[in-house]
Amino acid sequence: MYHKTQHHRYIPGLDGLRAFAVLSVITYHLNFNWANGGFIGVDIFFVLSGYLITSILLPAYGNDINLDFRDFWVRRIRRLLPAAYLMIFSTVVWVVLFDRELLHTVRGDAISSLFYMSNWWFIFHKLSYFDSFGSPSPLKNLWSLAIEEQFYIIWPMFLVVGMYIMKSRARLAAVISLLVLCSAVMMSVLYEPGGDPSRVYYGTDTRSFELLIGCALALVWPMKRLSSNRLPSKLKHTLHATEFLAFCILVLCVYFTDEYEPFLYRGGMLFISVTAAILIACVCHPSSFLGNLLSWRPLRWLGTRSYGIYLWHYPVIVLSTPVQEIGNPVFWHIVLKVIVTCILAELSYHFIEKPIRTQGFRSFSRRVFIHRIKEWKTTSVISKMSIGFIIFAILIFAGGLSGLAGEQKHPTKWTYSSQETNADTSQASGDKKNAAADKKHNPEQKTTDSNQGQKENKDSGQETHKKKDTQSQQLKKPADTAKEVLAIGDSVMLDISSHLRQSFSNVTIDGKVGRQMSQALELAREYKSFNQPNKAVIIELGTNGYFTNSQIEQLLQSFSKAHIYLVNTRVPRQWESKVNESLQQQAHAHQNVTLVDWHTEALQHPEYFTPDGVHLVPKGAKTLTALIVQAMKS
């Protein structure tokens, strides 16, 4: 038999805890500066899910689990799939009709989400949870549901076999504790400081310890036995102090935790999960004072709808937020997004989740669709043909848009060396055209151009814009303050590459979309020849994430004899201030390092940026290049 209803307690305080978790996640995704650690709401959800699912599977007394696996999995499917599939379908339709630029992103994400494998899809396609620009996936939040569903497939079998072998809940809890440590150690080992932590953040292997902590708690602290409301006053005071301390720790983590802090992945998440487990244990006790506070009706309402709220909030935010607004939220926009999310979650709860969970798919489909079919039979032939034509037209339209969305607009990596250009002066003009075409269709190819032709085009174009005299003069005349210049950067470096070529007669440019500081450390070995007093190195990094002080110091040490120009960043993400602070400290600490203050200039001119708030339009690229030239001349 399936032990779902036997001795099962409803604990309203857990709904309040769900509300706290989902609100933390929403504030994080809304990019509030005071909720940098709001993503820990997912940690709370994982621990709570492990606790509840194990409590449901375990009998109230004894160690024999008589479980109907098929019945369990069908119930999980009823609980999770309908609302998720509705959200996926609605999001795809919205993107097809109104936001076709996202189609190339959503297409694969939607398919992987249907099979609850999106977390591994994101890992294999290197989609960062923290720093994707230009085409953010509105389905990215489904990674956590994928982990839970994968866990629900494996855990019941493990629990039944484990109880059969161990014959004791305490011994099985000890085994699970070892698995917790293995998963946490794996997260620590796979994590690379200063790099993008998305691999360990998305991975089922590196996040399962949070679910397992909840499972172990259910074995040693079963909610079905916590029925006594009588505690000695001393123990009651201890309970109240413990739950208050645990809750305060989680609140402080929401405020202070940073997704790029190495501590988070080397014991920090384990600490947060254990704290969440302690809080859950306290709230489940009938004598819990905090449990009563969390039972406040509005919090319970949020908690019972937390699944739908979690599903809908992210696509609502992504599809309705201009990226230039990220980090600078508009109050009434936020209110509107929250209202829309709650309305969608309420509709999903009442018309999809609850009916299917209680009635099953067949009863629900009969109730909803049979009378619609009867109405369809009475519809005229002309009306039926019209509806069919509209559906067909939408499908054709969507297919056409999918083709457009699949085209890549910008190169992902580009390397330029003026030395190679000078060496290839005998190349025919037809070969140059072929090389340009190859560059367009193969962004990973290393390309060489003629610097002279581009410079002439630039000069002729600048003559028509006399309002930009200062910048134009700086760009027209090469700034030969160093015999050779090396420029290393990310996608912003790609944006300014053509202007750098026109400003420096002897420049090597190496830019790549998504480049992190950790990747630049490896790249520096290829450019050892630039570590000389008569050479200059421009470093433009920090767009894609935070880096440690040791990493930037190591990169600067690679070019300790050259003069280095650090370009600070303007990026609508939480790590912006930390990156710029670190760059400023390095500029003050090293005599051969100069800071190029792009951030101050960019803040005053939002028109310098494309709609993603990160990459540059031509005017912005000219301005940034002019700042670099000015810094090198001074």
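Heads up, the Cβ atoms here are built off N, Cα and C, so glycines get one too.
Residues or ranges marked as compositional bias 'Polar residues' in Swiss-Prot: 414-429.
Marked as compositional bias 'Basic and acidic residues' by Swiss-Prot: 430-447 (among others).
What Swiss-Prot lists as compositional bias 'Basic and acidic residues' is 455-470 (among others).
Annotation source Swiss-Prot lists region 'Disordered' at 413-481.
The transmembrane segment feature in Swiss-Prot is assigned to 10-30 (among others).
The transmembrane segment annotation in Swiss-Prot covers 38-58 (among others). Sequence-distant contacts of the transmembrane segment (38-58) (same chain, six or more residues past either end, CB-CB distance under 8 Å): 3-4, 8, 14, 17-18, 20-29, 32, 65, 67, 72, 144, 147-148, 151-152, 155-156, 159, 169, 207, 210-215, 217-219, 222-224, 250, 253-254, 257, 259, 269, 272-273, 276-277, 280, 310.
Annotation source Swiss-Prot lists transmembrane segment at 79-99 (among others).
The transmembrane segment annotation in Swiss-Prot covers 110-130 (among others) and is backed by sequence analysis.
What Swiss-Prot lists as transmembrane segment is 145-165 (among others), and the listing cites sequence analysis.
Summarising the annotation, Swiss-Prot assigns transmembrane segment to 172-192 (among others). Nonlocal intrachain contacts for the transmembrane segment (172-192), taken as residues 6+ away from its ends with a CB within less than 8 angstroms of a stretch CB, comprise 159, 162-163, 166, 199-200, 203, 205-209, 212-213, 215-216, 219-220, 262, 265-267, 269-270, 518.
Packing against the transmembrane segment (244-264) from elsewhere in the chain are residues 20, 24, 27, 34-41, 44, 130, 191, 193-194, 197, 201, 272, 275-276, 278-279, 282, 290, 545-546, 548, 574-575, 578: each is 6 or more residues past its ends and has a CB under 8 Å from a CB in it. Marked as transmembrane segment by Swiss-Prot on the basis of sequence analysis: 244-264 (among others).
According to Swiss-Prot, the feature transmembrane segment maps to 270-290 (among others).
Residues or ranges marked as transmembrane segment by Swiss-Prot: 307-327 (among others).
Residues 26, 30-32, 83, 86-87, 304-305, 308-309, 311-313, 316-317, 320-321 of the same chain lie 6 or more positions beyond the ends of the transmembrane segment (329-349) yet place their CB under 8 Å from a CB of it. What Swiss-Prot lists as transmembrane segment is 329-349 (among others).
What Swiss-Prot records for 385-405 (among others) is transmembrane segment.
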